[in-house]
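K.L.:
Sharing a structure, written as C-alpha cells. Questions coming.
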Amino acid sequence: MVSCSNFWRSTQVNRKLVGIQDNILPHNSMPGPNQKRVYMFAEGRIDQKELLGNKGANLCEMSRLGLPVPPGFVITTTTCLDFFEAKKKMPLGLKEEYLTALAQVEKQAGKKFGDKSNPLLLSVRSGAAVSMPGMMDTVLSLGLNDEIVAALVESTGNKKWAFDCYRRLIQMYQNVVLGKSTDPYEEVIKKMKVAKGYKYDMQMSGEDWEEVVRQFKGLGEALPTDPHEQLETAIAAVFNSWFTPRAVRYREYNNIQGLLGTACNVQTMVFGNKSADSGTGVAFTRNPATGENVFFGEYLEQAQGEDVVSGVRTPHSLAFLQQHMPEAYQELDKYQRLLETHFRDMQDLEFSVEDRKLYMLQTRTGKRTAKASVQIAVDMVAEGMITEQEALLRIDPERMNYFLHPTVDTKAPKTVLGKGLPASPGAATGAVVFSPEVAETMVKGDPNVKLILVRTETTADDIHGMRAATGIVTENGGMTSHAAVVARGMGKCCVAGAHTLHVDVEGKQFITKDGTVIKEGDVITLDGATGLVLLGDVPRMPPGADACFQTLMGWAHKHSRLAVAANADSPEDARVALSYGATGIGLCRTEHMFFPPERIDIMREMILAETEKERQKALDRLFAFQKADMRAMFEVMTGKHVTIRLLDPPLHEFLPTNHHDAEALAARIGKPVETVLREISDLKEANPMLGFRGCRLTIKFPEITLMQVRAIIMAAVEARAGGAVVHPEIMIPLVATSTELEVIVPLVEAEIRKIFAESGGITVPYRLGTMVEVPRACLTAEKIAPFVSFISFGTNDLTQMTWGFSRDDVSHFLPQYLEKKVIHADPFVSIDEEGVGQLIKMTTDKMKTQKNGGSFTAGICGEHGGDPASVAFFSRAGLDYPHNQPSKRSLQKRKAKEMKSRSRVSQLHHLPSQAIHGKAVDTRIFHSRRREAKTNYLNSQLMVSLARKKSQRSHFFFSTIQSENDFCFQKGNHERALKDKDKHQLCQEQGQQN
C-alpha cells in the first residue's frame, strides 16, 4: 500500500494544478482569500472536476439544469490534501465554512440538522475527480440518535422506516468511521430473519428493527449522540477512505495517477426505504452490456441505494417502476434523455423515490462492455451527437480484446449447473476459487492460471480478486450490482444473481439446485451471453465480425495520418493482415521462415557446416524455401510495401538444447554426435543479446546475407513479372557503427545489381534500412544516415543496452525499484524519456536533418509500441511509425494514428503506423532475450482495431489514441501545469463571484 507521506510528496505538482501553494494553508491557519473549500451545489460547475470531484461536479451540473437534486454542498479535493498534511486533522476554518453551507441546506430543505421535531438527515459521500465506483466510503442518515428516532416514530407513525434508518447509520458508522467489520452486524440481521422466517430485509417490522438496533448497540463503540460530531467524524472518514486498501488497489490497477484526493459530498437524505411508495434504483441511458439504445436499469422498492449495488436482493427492471409509479418513471425517462443529450455520452444514474416523489442522486459517464462502447460510439455518431473523431477517442483499446475472444460453442454438449444474469459478456473457463485473496495469490504464483471467482455477492473489498480472476459468478445481485459494474469495467465475463447456486464461501463450495457439489479447484465455464454456468471446459467458437467495430475501424483509417502495417512472417500471415486492411508489412522476421519441420534441420546443417562449400549447399536449399515464401508474400501484398529484416537471432537458438535432441539431430543430418555437441558448445554465449547476432552474422558469414538478399529480390522480380506491384524494403539489424554498413551495403547492392542484370531488364524499387538497437548507433547517427533510407528503433534492446538491465533478470529487483521510487515506471513498458527517449529523438533529428526530408522514415519496433505514453513521446520526437514487438501468446498488430481535434484535446496520438508489428513466437524458439515485458495499457486512450484468433496464435490490430493533455498531466508537464493552475485559479475566483 502506498504510504501517505510518499503520496503527498508526489502530489506537490498536482497542488499547483489547482492553484495551491504549499505555504498557503497549514492546518493551524485560516484559509486565504482565494482558498474556497466548500461549494454549494448551485456554485459548482462541470469543468471543476479536479476540484469538486466527478460526483460533486455532476451534482452541481444537475442542479444547474433544474433537476430535483436534494440540496447539499461539496468539500473540495484540495481540502483532502490539507487534511492529510495536517496529520488527519480538520483544517482550521473548515468547520465554520461547512456549517455556513449547512445553514443554507437547512433553509432549502425546510428542516434543521439535529432538530427533534423536524430533523434534517444527511448523507456523506466520497467522490474523486475520476470515477471509482464503490471504492471509497459513504455514511447515510447522519443526524439520528435515540431521541430523534423516537421523535420521528411519533411524528410519522413509521417505526419501521425510522429504525431501519437508525440501524443503517449505526452499521455504516461502525464500519466507515470506526473501522469495524460489518460481519457481526450482518449476523444479527441474518439471525433475526431466520428466527422470523423472513427472506428479505423489507419483511422486517418496526419492532424487528428496533431489536436489531438494541443488539447493534452491544457490538461496538457507541454512536455519538451529537449529530454535529457524527457529521465531522464522517467527513474525516471520507477523507481517510482515500487510502483504504481497495481504493489504493483500484488506482493502481487502473493506473490512476495525479489526483489530489477525494472530495466530500454532504447532501440531504432521501429515503427509498420509507414506504411501499418509495424505492431506489440505478439506471443507464443505454444498455451497458450491449449498447442498445434503450433505457435500462433496475429498481428496488422499500430500499436504499446500497441495497441495489450490494446485490442483497435481486432488483426489478424499470418496467416495475413504470407499472407501479408511471408519473415517477416518466419524469425519470425525461431526465435521462436530458442528461445524455447534455453530457453527450451514456450516463449511469442513481435515483430514489420517496413517497412517489423522484430525486436524482447522481449521474456519471456509465461503465460499459467493450461491445457496448463500440455500439454506443457508432450510434451516437449516426445520431449527430458526437463526431467520428470523438467516437474514436472514447474507445478503450485494451478492452477491445472482446472482439478477439471466443464465445461458448452453441452446439457443444453442456452440463448446466445454474443460470444467472448475463452481466458482462464473453466466455470464461477456469478453476473455482471463493476467496479474492486466494485468487490474487494464485495469479501471482502463475500468471497464466485461469480462475473463476465465486461469491455470494461482491463488495469493493473484493477488487483484487476480481482483477485476478478470468470470470466472476455471484449468487445474488443484478445487472447493476457491484460485481456487474466492476466486471464490465474490467472487461471480464460475469454471471450475476445465479440464485439456483447456493454459495458456501466458508466451505469453499457451491451446491446446485439438483445437489451437485462444486468444490474449489473444480473447472467451470461461464457464458456471458446467456448467463449460464457450465461444468468443465466447454468448447468455444472464434469471434465473428462486428459491423460497428468495422465501422469504427473505417473511421480510424479515415482520420489517421499514419499508415497501418502488420507483422507477417509467412504468406498466410500476410493474407490475414491484408484481410484486415493492412497497408503493408512493417516487419517480416525471416528467421521465422526456417522453423517449420521440413526446414529446421536444413538450417541446422547450415549452422553446423564445417566448410564454406557445405554451408553453401545448405543455403541453396534454404534459398528455395525463402524465395517461394517471399514471392507469395509479394503477390499477396501487391502494391504495398514489405519490410524484411535479415537474420537477427544468435545461431545457437536454432540448435537443440539437450544431449538427447543433439544425438537425434546428428543421426538425421549424418554428422558425428561429438561434432554436433562441439559446435553447439562453441556457439553458446554468456550474453547472447550482446553476442553473435544481427549484422555481425553478415560480417563473418556474408553468404548467409547474400542468400537472403537473392531470395528477396528474385522473388520480387518474379512477382513483378507476374503482374504484382512490389516494394521490398531490406532491414539490416543491430548496426553499431557506420563501418559495418560500409561493408554490408555495397555487398547487398552488388548482389541486387547482379540479379537485375540476370532478370532480362526487370527491376524493382527497393529501400535499405537498419534497426537501431545499440546506443552507439544513436550517437553516430549522422555517419549511418548516408547508408540507409529508413530506420526502426528496436526499443527493447535499446532499453536493455542503455540501462544495463537484462529483461530476463530485471524481475529480481525492478519491483523494489518501483516501490521505493528509484524509478517511476518499468522502462520496458513505458519509454524512458530522459535516457532512451533522448537517444531516439537525437537520432531521428540527426538523420532527418541529414536526409533533408525526402522519403526517409523512422519508426520503432518494441514493447513500447503498445504503451500510450510512449507513443505520445514518439510522436513528439518526430517518428513516423511506432509498432510493437510480439507477445509469446499472440500476434499483436498495432495501428497508430495521429489526428487533430477541435475539442480541448489539442492533438491525438494513435499507436501503430506505417509498421505495427508482433507475432506469436514458435514454441521451438528459445528466445529468452526476447521475453516480453508485461504491458500496461490501463487508463489509456487506446483502441484495438482488428482481431482474429487463428490456430494457437491470436492476431491483433490495435489503434491507439492518447490525449496529449492527459499525458502531460500524468507526467507533470510544467508548461501544461502552469496553464491548468491559471485555469483553476480563475475557476475559484468565478465561483466566489457567483
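Even glycines carry a Cβ here, placed using N, Cα and C.
The shown structure was predicted, so the numbers you read here are calculated from the model rather than taken from an experiment.
The active site, tele-phosphohistidine intermediate annotation in TrEMBL covers H482. Taken from TrEMBL, the feature active site, proton donor covers C861. What TrEMBL records for R589, R645, E773, G794, T795, N796, D797 is substrate binding site. Per TrEMBL, the feature Mg(2+) binding site maps to E773, D797. Feature annotation from TrEMBL assigns domain 'Pyruvate phosphate dikinase AMP/ATP-binding' to 50-87, 97-321, 328-383. Among the features that TrEMBL reports, domain 'PEP-utilising enzyme mobile' is placed at 451-531. The domain 'PEP-utilising enzyme C-terminal' annotation in TrEMBL covers 549-881.
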K.L.:
From the Cα of H482 (active site, tele-phosphohistidine intermediate) across to the Cα of D797 (substrate binding site), what is the distance in angstrom?
P.N.:
43
K.L.:
Rounded to a whole angstrom, what is the C-alpha distance between H482 (active site, tele-phosphohistidine intermediate) and E773 (substrate binding site)?
P.N.:
47
K.L.:
Pop the Cα-Cα gap between C861 (active site, proton donor) and G794 (substrate binding site) into the table, whole Å please.
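P.N.:
Distance between the two Cα atoms comes out at 5 Å.
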K.L.:
Of all the binding-site residues given, T795, N796, which residue's CB has the most CB neighbours within 10 A?
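P.N.:
Of the binding-site residues T795, N796, the highest Cβ count within 10 Å belongs to T795.
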K.L.:
What subset of the binding-site residues R589, R645, T795, N796 lies within 10 angstroms of the residue listed as 'active site, proton donor' at the C-alpha level?
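P.N.:
The binding-site residues passing the 10 Å Cα test are T795, N796.
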K.L.:
What number of additional C-beta atoms lies within 10 angstroms of the C-beta atom of C861 (active site, proton donor)?
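P.N.:
I get 30 for this one.
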K.L.:
Per DSSP, what is the residue tally for the domain 'PEP-utilising enzyme mobile' (451-531) in helix, strand and coil?
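P.N.:
Tallying H, G and I as helix, E and B as strand, the rest coil: 18 helix, 27 strand, 36 coil.
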K.L.:
For the domain 'PEP-utilising enzyme C-terminal' (549-881), provide the mean pLDDT of the predicted model.
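P.N.:
Across the residues of the domain 'PEP-utilising enzyme C-terminal' (549-881) the model's pLDDT averages 90 on the 0 to 100 scale.
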K.L.:
R645 (substrate binding site) has how many other Cβ neighbours within 10 Å of its own Cβ?
P.N.:
25
K.L.:
Taking the Cβ of R589 (substrate binding site) as the centre, how many other Cβ atoms fall within a 10 Å radius?
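P.N.:
Total other Cβ atoms inside 10 Å, all chains included: 21.
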K.L.:
Measuring CB to CB from E773 (substrate binding site), give everything in the same chain under 8 Å that is also at least six residues away in sequence.
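P.N.:
Set apart from E773 (substrate binding site) by at least 6 residues yet with Cβ under 8 Å, we have G694, P733, L734, F793, G794, D797, L798, M801.
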